[in-house]
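Inspection log for the structure reproduced underneath, given as structure tokens.
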Amino acid sequence: MLVDSFNRVIDYIRVSVTKQCNFRCQYCMPATPLNFFDNEELLPLDNVLEFLKIAIDEGVKKIRITGGEPLLRKGLDEFIAKLHAYNKEVELVLSTNGFLLKKMAKDLKNAGLAQVNVSLDSLKSDRVLKISQKDALKNTLEGIEESLKVGLKLKLNTVVIKSVNDDEILELLEYAKNRHIQIRYIEFMENTHAKSLVKGLKEREILDLIAQKYQIIEAEKPKQGSSKIYTLENGYQFGIIAPHSDDFCQSCNRIRLASDGKICPCLYYQDAIDAKEAIINKDTKNIKRLLKQSVINKPEKNMWNDKNSETPTRAFYYTGG
């Protein structure tokens with residue numbers, strides 16, 4: 001079992017398999033060149049697999065595959081199948097912008113993937129283009145429908161941006177509710193790679209907008225996980241991921257493996273442990289040591305709620321959010 005210095009059990013790893021992305025979202029990597037490549041830095045998937053086997057043996061119960069955009073990584077379905085075959089009890093999930101999901105959903109499901117989380121920031125094509133610099137809405141919606149068709153569990157993630165998509169909060173809620181999908185609204189997390197004009201809505205503002213139509217009952221916050229779950233009077237549940245709140249980090253149960261082999265204890269802080277050499281060499285003893293050290297290195301909380309703190313400099317496409 002992996003336990004950090006604040007007695008939090010760490011049983012969840014987010015694994016970035018690439019920094020590449022086919023979107024250039026305002027809140028993530030708007031200025032990154034479209035011909036950006038990271039192939040020379042990437043860990044081979046077979047080596048990532050061996051690392052994750054060790055992590056599973058140490059108590060990891062959930063693995064999320066992220067990017068960049070993970071569906072750009074070749075051989076991903078085979079990688080998932082091998083991971084699933086090693087331990088079928090481990091929950092395998094994937095975060096995606098959904099652009100390539102329609103043609104890959106069935107193979108991902110057959111490989112053993114349990115769930116996809118799809119970014120959906122708007123239901124208006126022009127806004128999706130403005131936010132992501134990609135004419136992507138049709139592809140993303142088709143990917144969502146195909147995922148439901150093949151039997152994948154699904155969640156939607158929406159980053160709420162002031163004066164951009166905040167007037168769609170209820171419309172997006174209805175879209176998700178009608179498909180029996182949970183939507184999670186995400187507070188914008190300030191970072192130096194985002195456009196400077198991007199401003200997000202906080203949890204209270206999001207709730208106030210939803211309360212204009214629905215009576216909201218706050219459900220119990222999960223003992224582990226980042227999302228506060230709210231229940232509407234009709235029983236539908238949605239989530240809010242609010243990193244600016246004081247209790248956001250209390251139940252944190254995760255670490256991150258970047259695509260270049262660095263283990264990141266926290267999304268906010270730049271600190272990381274370079275495990276690339278150990279992973280490439282499949283050095284089990286050293287991997288275990290570095291894994292445990294990264295867990296010990298986890299800070300108590302982020303500093304997004306501290307107005308005097310520095311804006312995080314690590315790119316979210318590096319760690320997968």
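Sequential numbering from 1, following the chain as shown.
Just so it is clear, glycine is given a Cβ too, placed from its N, Cα and C backbone atoms.
Marked as domain 'Radical SAM core' by Swiss-Prot on the basis of sequence analysis: 5-233.
In the three-state DSSP classification, R14 (GTP binding site) falls within a strand. For R14, R64, S95, K155, R254, I255, R256, the entry in Swiss-Prot reads GTP binding site, with the evidence type sequence analysis.
The [4Fe-4S] cluster 1 binding site annotation in Swiss-Prot covers C21, C25, C28 and is backed by sequence analysis. DSSP classifies C21 ([4Fe-4S] cluster 1 binding site) as coil under the three-state reduction.
What Swiss-Prot records for Y27, G68, S119, M189 is S-adenosyl-L-methionine binding site. For G68 (S-adenosyl-L-methionine binding site), other Cβ atoms within 10 Å of its Cβ number 27.
Taken from Swiss-Prot, the feature [4Fe-4S] cluster 2 binding site applies to C249, C252, C266, supported by sequence analysis. Here C252 ([4Fe-4S] cluster 2 binding site) comes close to R8, S226, C266, K298: these same-chain residues lie at least six apart in sequence, with C-beta atoms under 8 angstroms from its C-beta.
For the pair R14 (GTP binding site) and C249 ([4Fe-4S] cluster 2 binding site), the C-alpha distance works out to 16 angstrom. With a 10 A radius on its CB, C25 ([4Fe-4S] cluster 1 binding site) counts 23 other CB atoms from all the protein chains. According to DSSP, R256 (GTP binding site) sits within a strand segment. Each residue contributes its Cα atom, and for C21 ([4Fe-4S] cluster 1 binding site) and R64 (GTP binding site) those atoms are 17 Å apart.
In this structure, the binding-site residues R64, K155, R254 were compared by how many other Cβ atoms lie within 10 Å of their Cβ, and the smallest count belongs to K155. Sorted by the number of other CB atoms within 10 A, the binding-site residues C28, M189, I255 start with M189, the lowest. The residues near the [4Fe-4S] cluster 2 site, meaning same-chain residues not in C249, C252, C266 whose C-beta sits within 8 angstroms of the mean position of the site's C-beta atoms, are F248, R254, P265, L267, Y268, K298, P299, E300, K301, N302, in sequence order.
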